[in-house]
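*Asks:* Before I ask anything, let me first share the structure, which is written out below as structure tokens.
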Amino acid sequence: ILRSYGFRTGFYSSPHLVQVRERIRINGQPISKDLFSKYFWQVYGPLDETKVGGGSMPAYFRFLTILAFHVFLQEKVDVALVEVGIGGAFDCTNVIRKPWVCGVSSLGIDHTQILGDTIEKIAWQKGGIFKLGVPAFTVRQPEDAMAVLRDRATEIGCPLWVCPELDTYQTDSGPLSLGLAGRHQRSNASLALQLSHTWLQKRCGPGEAVGAVGLWLFHLSPIWVSGLANTEWPGRTQTLKHGTVTYFLDGAHTMRSMQACVEWFRETAARHERSGSGPAARVLLFNATGERDSAAMLKLLQPCQFDFAVFCPNITEAIASCNADQQNFNVSVENMLTRCLDNERSWHLHNNRGEDNATSLFIGDRLSLVPEKMADTLVFPCILSALQWVTQGRDPVLTGPQNTVLPVKPSITAKAAPLCEAAEIHVLVTGSLHLVGGVLKHLDLESAK
């Protein structure tokens, strides 16, 4: 929206999907490798030189936050949108003393070891970004969370408003069309409208370039409408079609976001199947990290009627030249694979199969609509091997010269018969943004450059 008005924008978010440069954007694009390198050393050098008494450098996220602020100042952006890392109150991004406006999106249970194990504790942390006299907006929240946010706003002296429903905004062109799929994106869109509107009013003056009707509800000019329609965010309710293989990518990793993901996938996959060339096999590719409740998320995914549930760690490929931007140096490979096996076991238990891996496979007309079938499961050592097995040579991007086709045991190859017989393959990738990023590295070659 702000770029549509001609403003030079800076954007900082986490995590990245493929390359770290995605976290720091100018005018919607990741900064170039040259700029990243230039500004990296401008920040790293002085910090390293001024360490005192055995002090240490800032940790990874803190360093990138300092780097982002430095980039925005050097590149002279008109406005910077800064997403907090974890929580808010004690996040390193919260050093901004007087932002122009603050926003809190839909809250969920996540990072409980740091933020607390209840929605009220998490809401208290999120409300920590409120500042004295700075307007703040939030979407509709659970009642307990909303009460905490209101108390925090009162305590800090911050005016807080709840965003209106997206359907209540006035336009000249009928219902709004969003570039981001999924019903949950409608509340995000309303929040984006309020944040943009508030900043524009402060920057340009009331009514200037905005066409304001009121503080909360205002008329949306074609610029606003096109801004919402042209919004792109890889890895969030994203659909990629490669021939007869369709990938549904969503980095949902909390219970609330997974519920939204399931709703989006069921609607979107069904629509693709109705217009497809024949029966489609449904495959789940899943992983989760940290202390997140994988078993609970997998239970939410059961109604999607998958023919296969495939698990792998967030390792892009089982070779030494793996992209360092996508390596996790805090968790061993053994731990990651153990987590995958635990996820597979949880899936079996949800299907009342215990440890039985011998359930016969079923394939028929409208695979996804057969309620009695049970998805077979497999665990692979890396993302590439999982994708190559799932797609069975149908996606040329995965079998190109840049990829080594990894050998698979004959027994695993035999299990793929339903995939080979299906007219199309639909793959939902979810549970972790890092998993989605690893998949995009292989599917979107431009993003890996």
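Any Cβ shown, glycine's included, is placed from N, Cα and C.
Predicted automatically and left uncurated, TrEMBL annotations should be read as such.
The following feature annotations were taken from TrEMBL:
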BINDING   Ser14, Glu83, His111  Mg(2+) binding site
BINDING   Arg236, Asp250  ATP binding site
*Asks:* Could you tell me the C-alpha distance between Ser14 (Mg(2+) binding site) and Asp250 (ATP binding site) in angstrom, no decimals?
*Replies:* 15
*Asks:* Apart from Ser14, Glu83, His111, which residues in this chain have a Cβ no more than 8 Å from the mean position of the Cβ atoms of those residues at the Mg(2+) site?
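*Replies:* Leaving out the recorded residues gives Ser13, Pro15, Val84, Gly85, Ile86, Asp91.
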*Asks:* In whole Å, note down how far the CA of Glu83 (Mg(2+) binding site) lies from the CA of Arg236 (ATP binding site).
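*Replies:* Roughly 16 Å, rounded to the nearest whole number.
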*Asks:* I'd like the Cβ neighbour count for His111 (Mg(2+) binding site), meaning other Cβ atoms within 10 Å of its Cβ, all protein chains included.
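*Replies:* Result for His111 (Mg(2+) binding site): 16 neighbouring Cβ atoms inside 10 Å.
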*Asks:* Give the distance between the Cα atoms of Glu83 (Mg(2+) binding site) and Asp250 (ATP binding site), rounded to the nearest whole Å.
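*Replies:* Cα-Cα, rounded: 19 Å.
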*Asks:* Please identify, from the binding-site residues Glu83, Asp250, the residue with the sparsest Cβ neighbourhood, meaning fewest other Cβ atoms within 10 angstroms.
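*Replies:* Least crowded of the binding-site residues Glu83, Asp250, by Cβ count within 10 Å, is Glu83.
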*Asks:* Cα-Cα separation of His111 (Mg(2+) binding site) and Asp250 (ATP binding site), in Å?
*Replies:* 19
*Asks:* Between the binding-site residues Ser14, Arg236, whose Cβ has more other Cβ atoms within 10 Å than any of the rest?
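*Replies:* Counting Cβ neighbours within 10 Å, the top one is Arg236.
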